[in-house]
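Remarks on the structure that follows.
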Amino acid sequence: MVSSRRGFNPIAFTPWPVTILSSLVYLALIIPIIVVHHLVPPAPKESPAGVDLEEAWHDLQHLTRQYHPYNSHSNDEVHQWLLKRIHAISATSARSESQSGPEVFVFDDNQTNLTFSSAGVAATAITGVYFESRNIVVYIRGTEDEPGEWWKSPDGEPSGKGGVLVNAHYDSVSTGYGATDNGVGVITTLQLLKYFTTPGHYPRKGLVLLFNNGEEDFLNGAYAYSQHPMSKFTHTFLNLEGAGAGGRAVLFRSTDTEVTRFYGKSEHPFGTVLARDAFKLKFIRSETDYHVFDGVFGMRGLDVAFMEPRSRYHTDQDDARHTSIDSVWHMLSAAITTTEGLVSYTGDAFDGDSGDGGKLNNGIGTLGVWFDFFGSSFAVFQLNTLFGHSVALLVVAPLLLIITSVALFAVDKMYMFSMYTYISESGGQVSLYGLRGMFRFPLILGISTALTIALAFLIMKVNPFIIYSSPYAVWSMMLSTCMFFAWFISCVADFARPSALHRAYSFSWMFGIMWVFLVIATVYQKQHGIASSYFIVFYFAGVAVATWISYLELFGLPKTQDYARRQGRLSDRTPSSDSHFLAPSADELPSSSSAAGRDFNPEDVEDEEPTESTSLLRGQQRTTFANYASARGSQESNISNQGNNSLHPKDHRLEQKWSIYLMSSAWILQFLLVAPIVIILLGQLGLFLTSATYQIGADGGSQLVIYIGIAVLSVLILLPLFPFIHRFTYHIPTFLLFILIGTLVYNLTAFPFSHSNRLKLAFVQEMDLATGNNQASLVGVEPYIHDAVHAIPSVQDGKISCTSHGYGGRTKCSWPGLKPKVAEGPYKDWVSYNISKTKDDKITRFEVSGKNTRACKLLFDSPIADFHVQGSVVDKRLPHTGPKGVSEIRLWSRNWENTWTVDVEWTKKNSERTGKVMCLWSDDNDLHVIPELDLARKFAPWWVAITKLRDGLVEGSYSFKL
């Protein structure tokens, strides 16, 4: 007996299951991704063995009481405090031991100096640097290290396996307290000293802890470490940094797969290889000490750092108040796991010929791919593995589809790409409508993508900085735009020309597009070592299998000849120009035993006899789009089924009539093959990119690239819905339309900055010591720089000068400032210099000294050929000049009011030997020392944060001409 009501299938390809299930999958994955990205795992209530979190927090508070740049007296105080803490921790560990613990050697490096250049480090012209070290080096002898103090011999060399270096710089910038840049790194390193001198945690290989000084001013401390004997011993490293102000510590970079695996064992790993590629491709312009350890020394290691929010980076909000013990524990736990793995490793992966010209004999690593899953697990594998899978997919996937297509043609079941077929007996033509919907997907994708990207240009035109404080409003707008218009266009197309092949054609188009993307990704993997395209490999793999399933579904259809014969018989009994809209009755459906298991036989199906209960509207075409949803619902109630829920539901009977034989539940398998992995990988990548870039506009970075990036990522994240989106009910798209309208209005009209997301403006005060004239300046973006400058009481409207300032289109506004009080005595005596000629006319000697400072400069209007600082070490690994000469020499001393003697060699082109002698002052811990900076901090709008422009807050100079 025929049931009067069709059985319910919760995963059928009908509007409600498609809408509910797909929405639940997206929400179930996106919400945890956002939560994991922003919430830091809590620190344990009780400190684990070997560490003391309460002690670490108190150390952080002490370290960040004042600004402590290299050129400040508070930096000396931090240096002395660190020495006391190191000795105290070592002594405490020694007293608590019942057995003999590891030897601990502390080196207060007050002898090392070095001359080097900025070539390859900064984007500016070549700059020469002379630096005197204030580093603190701690060596914990490993249980398997060779005994003796080889470093005391001038030519001493370590023996055995190489050691492990953990580095953290203890200087801050002059405008930030340095809680995360790099206070947390420093106290983490102190806790590592405590941990590895605690019984049960002694290192097998030697561990070197480097507290380096001078990173903020040019990576100077890391360069100086090259002259310390311990630099010969360390083969691997872990660099601890901060480029934000809290949150999770991220794996920024890693040199190779082998060293990354140790980090991957952390309890809460966090990061993606995308960051490494961004540095490699110069998308990220700033550098950390990692650059020196890897690029200059040839060491193998990792760069772990905080990365957001950048609005607090290098400002007075980089303090203990704006970080947390949870962030401390996140970095500390990762550092313990990574370091413990490295010092316990006894293999040969980090020893042997490195093939880098003899920098270090630390073996050869392999380029790696890595990314985390929800901050709790970590995938690490070689780039060669990714490349191999990419090539295999590029070859195998198309071949599989071709073979399947050939098989479908062979069994006469290829309905795709077929307009009609012929009845072999009569020669009559029967339409299959197999091309219907073939070009629908590119239309949907093209229009929805174009509209989403158009919003990027609109926001950039009207309110370009809105992302600075409201990145999720931008994301919501982009996602809503893409989703709503993709659904709307799909529904219009489905209303006009319903097609059961929409899914198959959509996946076929996605297959082709992702195949092209994978070709490009594979080329970059091989030729440039770019690994961040890993998501394309997974994306394509899912799409390829989903596409194959769509082709396999066609095997369940009747042969086109059998279908043609049946339609020929029906048309003889029901002549109508609109016969292609008629659907088979309930009795025309195959039974559950025959639907997909055997070929269609027209004799198996009987026509339904009309009765007084037969609907008069049966098989009638829809007449209005307004009735789109209701028509589907009413049809469902009027359709009977013989209990086979695996068949295509008949409420979509305006599609091709043969579609009733397609599997109704296949869509859910296709969706689960593509959507979850895409949401996870691209969702995490999208948030990572957003966190790294959404506030770079204040530094002159291109924000249009960010908006377009979010638009493209939004499309890629929602793309797995496109093959099914025509089945969505109107409820969620309508809700998203309201979200789109609300976020669009907000993004176009809202003020882009807030108390938590202040616009950074960079300060410097330049003083001509010969005349006493000085110019205070703020550098920032238009138009906000003008509002900030005019809010300062000392600024007079008629004396403001604003000019373009270098990279990123920022503006520099200058005005006569209040005279600073950075040194005692008349300002003309703040800098002393003497210029004398030597026997060689090409060489001139400069003697330079400054009051209450240990940083000066020589600037040349045209580059010089070479220079030499008396008493300096020169390392052949670190050239201090280049083919185009040197335009600036930076001089750093560990002693206050030092006198530098510099011999300068001019080039033949130096017909006029002109330039400046300049000294810098960076200590702003006392009020009224730099009164103009005090006024800027006090009276600038609440949405402004003041940071440094260059190494010195105050620059005092004399011009010279020889």
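Indices start at 1 and increase along the chain as displayed.
Cβ coordinates are placed from backbone N, Cα and C, and glycine is handled just like the others.
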Check: P10 and A500 same membrane side, Swiss-Prot record:
yes
The Zn(2+) 2 site in Swiss-Prot includes D181, H314. Which of E132, E144, E216, E267 is also listed there?
E216
Quickly, which of N747, N834 does Swiss-Prot have down as N-linked glycosylation site? Just give the residue.
N834
Among H169, H228, which residue shares the Zn(2+) 1 site with D181, E241 according to Swiss-Prot?
H169
If you measure E216 (Zn(2+) 2 binding site) to E241 (Zn(2+) 1 binding site) at Cα, how many Å is it?
11
E215 (active site, proton acceptor) - helix vs strand vs coil (DSSP):
helix
Within the chain of E215 (active site, proton acceptor), which residues six or more apart in sequence place their C-beta under 8 angstroms from its C-beta?
H169, D171, N182, G221, A222, T288, D289
Mind checking which residues of the chain, 6+ beyond the ends of the transmembrane segment (16-36), have their Cβ under 8 Å from one of its Cβ atoms?
9-10, 374-376, 667-668, 671-672, 675-676, 679-680, 683-684, 687, 721, 724, 727-729, 731-732
Any contact, the transmembrane segment (441-461) to the transmembrane segment (473-493), with at least 3 Cβ pairs under 8 A:
yes
Seg_contact(the transmembrane segment (504-524), the transmembrane segment (391-411)) with at least 3 CB pairs under 8 angstroms, min sep 6:
yes
Take the C-beta pairs under 8 A between the transmembrane segment (473-493) and each of 391-411, 668-688, 705-725, 732-752. Which stretch has the highest count?
732-752
Taking H169, H314 as the binding-site residues to compare, which has the smallest set of other Cβ atoms within 10 Å?
H314
Same chain only, sequence gap of 6 or more: which residues have a CB within under 8 Å of the CB of E241 (Zn(2+) 1 binding site)?
A168, H169, D181, N182, G185, F252, T288, D289, Y290, D303, V304, A305, F306
In the same chain, outside H169, D181, E241, whose C-beta lies within 8 angstroms of the Cβ mean position for the Zn(2+) 1 site?
A168, G178, T180, N182, G185, E215, E216, L240, G242, A243, T288, D289, A305
Per DSSP, what is the residue count of the topological domain 'Vacuolar' (462-472) in each of helix, strand and coil?
6 helix, 0 strand, 5 coil
